[in-house]
Structures are given as structure tokens and as C-alpha cells.
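See structure below.
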Amino acid sequence: MEISTLYQIFCRCNGVTTDSRRCPEGSLFIALKGENFNGNAFAAKALESGCAYAVIDEAKYLVPGDDRYLLTDNCLLTLQHLARHHRRQLGTRIIGITGTNGKTTTKELIAAVLSRRYRLLYTEGNLNNHIGVPLTLLRLKPEHELAVVEMGASHPGDIRELVEIAEPDMGLITNVGKAHLEGFGSFEGVMRTKGELYDWLRTLPAPVVFLHADNPYLTKMAAGLPHVTYGEGADNDICGRLTGCSPFLAFEWKKRGETETHRVQTQLIGSYNLPNALAAVTLGTYFDVDAALIDQALTEYAPQNNRSQLKRTADNTLIIDAYNANPTSMTASLANFRQMEAAHKVAILGDMRELGADSAEEHQKIVDYLEECGFERVILVGGQFAATRHSYETYADAPALIEALKQQKPAGKTILIKGSNGVRLSSIVEYL
Ligand code: ATP
Ligand code: MG
């Protein structure tokens, strides 16, 4: 089926769904396949549940005489092509965001700022992959003035695939760091993959890059691209500095050439959020959002996702950052915790997954850094940490630590909990 024909059908529909359990009345169902499911088998149910049409790619699921079934060669490609077609039809200006850490936070902060002035579409939650990006684009409406699209990657070529769907006009790489090394092969692999966003922008007549100029890798990668910079140096378009982080980030910022200094108290935990917040200031300024509204948006923004949460229990204060961990974010979290003003600091760290051949070395580096931090107590969870040279308490997994906590519960401590999601450190929270 021609994309232009399908597009006409899409325009008459009430959005797109790929989940037969969520079928808004009049929507277009697209049957995707996963490791454990075949969406084609759910097309009939989707139509029953309210979808107006169902795009499938296996002829045996067609029902003769029922013209609500639309057959294509490959539903995933159809979804992606439809999204690009729609994006082109509307011509909305799109800002693409990628990077190793801080994409979602940066996207949310930018959205908070830009929505003070514009009708904005932005990625919902963390829907940043080859399915989430097209679904995001298909939510674009003519009234949207700008769109902010998060793009994630775990293998080389992932970002190229996403930029060729979203065709962003502008781009921001939050940072390049060590994550998914298994998939990328090396740190160079990470840089090359994130750089696919810049490669795309280089093909445009008038691209714009929002550049965190404190990062030498990014600065090098962005060479030759028109850019607007942010960072701690006074020569940046937006310069900012940390003024407090105990535990919530406070910072000040200034626009180049202006004397007025803005002070912002955020509800974000972690000094590593400074560049994320400065990115939002930079986009706000670039798109002429009133400075007072920028400050207000950043002051009022309260993170909804379960990352970097502060929780006070009856006995302890917890900083829970147990959703993901890689060497860059682990170091950032520890550095933040180290500089936090609090007594009796305890770090509970879980293994960093997916590091491939670099795993042993990266875990050792974290353990070595812990020596410098001088926390009152360090607890390591998982085989990778256990295998390093260190003198800390270790547990094989979260259940083993829970058993120990049941015997003796810490009290009066400030506790950082950080590890890869797979280590399930979130499960220990109720025992603290
Ligand atoms: P994902 O790959 O899961 O989509 P993400 O890039 O969207 O992650 P966030 O969800 O915004 O990132 O943040 C995840 C964690 O990364 C935070 O809890 C924090 O530990 C760390 N982090 C956030 N911003 C930065 C930063 N600028 N530099 C280093 N680490 C950061
Ligand atoms: Mg994210």
C-alpha cells in the first residue's frame, strides 16, 4: 500500500495505536511484532475494541470483504514511513535530543520552559526508540508550533535511523559517556552514534546545535555546525553556575552580554542536572521565552518519573536513583552525593550492567573513586562489584541485602541508592 494512500486514511483517524489493549475510538491500529508477540493476531480485537482500521503485514490475518484491514509488507517500516510523511506534511520545527544521560530530564525541562510560550509536542515519558519516535511524531497536530523529540540508542546506527524518521531541524546532545558499551563496542562507538544527530544536521541548509560547551568531546564533534552554547564559562551564550545542591539543585544563569543574573531554585536532585537545566534556559532564550517565565518554569518543574527521588522514611533520608546506572551517571551521582551537606552518608551501589569487556575496569574505577569520597559506609550489590579490589561490604543480590537489613536496619543516615535497574535496588527501599 502506498504511503500517501495510507496517509489519507490516517488523517481521517483518531491517532495511531500499536497496543490492542488501548484502542481509542476511530484510531488506526498498526500490528507490530515483538519477540513474544505478533500484533497481526490482535488486529481483529483492535477493530472490535474501537479502531477504525488495522494495518497488518501477514495476509493470513486478512478477513475477506472487510476493508478495514490494510495489508503492507512490513508494519514497522510502515509506521516509520507514515510518521516521516506526517512530519513532512506539517513541517513543524523539531528539536531532536539524544545523549548518554539526562535526555528525558532535559527534554522535560525544555518542554516546561517552551510550553510557557508555544503549543508544543514532546515525547511522552521515555518513548525514545524506533517505535516511540514515530508514535510521538504521529501525535503532531497542525496547531503545534514546535516539537521536542527524545532519541535513545544502544547500537551504532540507532540515531541515524531515528533522525531519518524525525528529520529534526535542530539538535542537542546532552553528553557522551560510557553506557551500553556492549552494544556500541567502545566509547568511540558511543561518540559516533550520538554524532549521527550532528551528521544529519550537517545535511541541512540552516541547522542549529545547542551545545554543552564544557564537554570537550561534544565541542569537537560539533565543529563546523552553527551552534548556541551553554556551560560554566563566561564566553557561552548562556553561562551558569551551581549555587547549591543539598539536595536540590540551585543555580544562577546569565545571558551573554547582559548584566542581570537569574537565580533559580529547582526541585531536581543532583548537581549533574545543572547542564540539563542550562539547556532548558538556552532553548528558552533562543525561542524568546521571557526570562522570568523561564525561571518560573524551572522552579516549578517537579520530576514525575521515578529517577533521582528524595524520600524521607521514619528512620533515614534516601536518594533513590535505581533506575539505571552506567559509569558516567554513577560517577555523577557519587560526586553529587559527596558534595551534599549531610552527615552519616551511606552509599548502596548495584552493578552497572551492559558494559561488556570494560565491565571489570569500570567497576574498579568506581570502587577506587569511593575511596576518595569517604562515606561512612559503602554497600556493594552484585557480582561485578564483588569482583573488584576493595574493602567494602558486599552482597550477591538485592534479596541478600534485604535479609541483612531485616537483621539490622540503619537509622539516622542519608543513603544513596544507585544501580542498574536489573539489580532491583528499588526493592530495598521499604527496608530502610
Ligand atoms: P534513558 O537512557 O533511560 O532514556 P536518559 O538519558 O533519558 O536515560 P534521564 O532519565 O534524564 O536520562 O536521567 C537518568 C539518570 O542519568 C539520572 O538519574 C542521573 O543519574 C543521570 N544523569 C542525568 N543527567 C545527567 C548528566 N547531565 N550527566 C550525567 N549524568 C546524568
Ligand atoms: Mg530517557
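In case you wondered, yes, glycine gets a Cβ from its N, Cα and C as well.
Whatever TrEMBL says is automated annotation, not expert-curated.
TrEMBL has this to say about the protein:
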- 14-60: domain 'Mur ligase N-terminal catalytic' (DOMAIN)
- 97-283: domain 'Mur ligase central' (DOMAIN)
- GLY99, THR100, ASN101, GLY102, LYS103, THR104, THR105: ATP binding site (BINDING)
- 307-420: domain 'Mur ligase C-terminal' (DOMAIN)
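Features per TrEMBL, on structure.
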residue: GLY99; record: ATP binding site; Cβ contacts under 8 Å, 6 or more apart: THR106, LEU172, ILE173, THR174, ASN175, VAL176, LYS194
residue: THR100; record: ATP binding site; Cβ contacts under 8 Å, 6 or more apart: THR174, ASN175, VAL176, GLY177, LYS178, ALA179, VAL190, LYS194, ASN326, THR328, SER329
residue: ASN101; record: ATP binding site; Cβ contacts under 8 Å, 6 or more apart: THR174, ASN175, GLY177, ALA179, TYR272, ASN326, THR328, SER329, ALA332
residue: GLY102; record: ATP binding site; Cβ contacts under 8 Å, 6 or more apart: THR174, ASN175, TYR272, ASN273, PRO275, ASN276
residue: LYS103; record: ATP binding site; Cβ contacts under 8 Å, 6 or more apart: ILE97, ASN128, GLU150, MET151, GLY152, THR174
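Predicted-model confidence for the domain 'Mur ligase C-terminal' (307-420) is 94, expressed as mean pLDDT.
Residues GLY99, THR100, ASN101, GLY102, LYS103, THR104, THR105 make up the record's ATP site, and a Cβ search at 8 Å around their centroid adds THR106, THR174, ASN175, ASN276 from the same chain. Each residue of the domain 'Mur ligase N-terminal catalytic' (14-60) gets a DSSP state, and the totals for helix, strand and coil are 12 helix, 11 strand, 24 coil.
Each residue in the domain 'Mur ligase C-terminal' (307-420) gets a DSSP state, and the totals come to 45 helix, 28 strand, 41 coil. Around THR105 (ATP binding site), taking its Cβ as the centre, 24 other Cβ atoms fall within 10 Å, counting all chains. Around THR104 (ATP binding site), taking its Cβ as the centre, 22 other Cβ atoms fall within 10 Å, counting all chains. Candidate binding-site residues: THR100, ASN101, GLY102, THR105. Not one of them has a Cβ under 6 Å from ligand 2.
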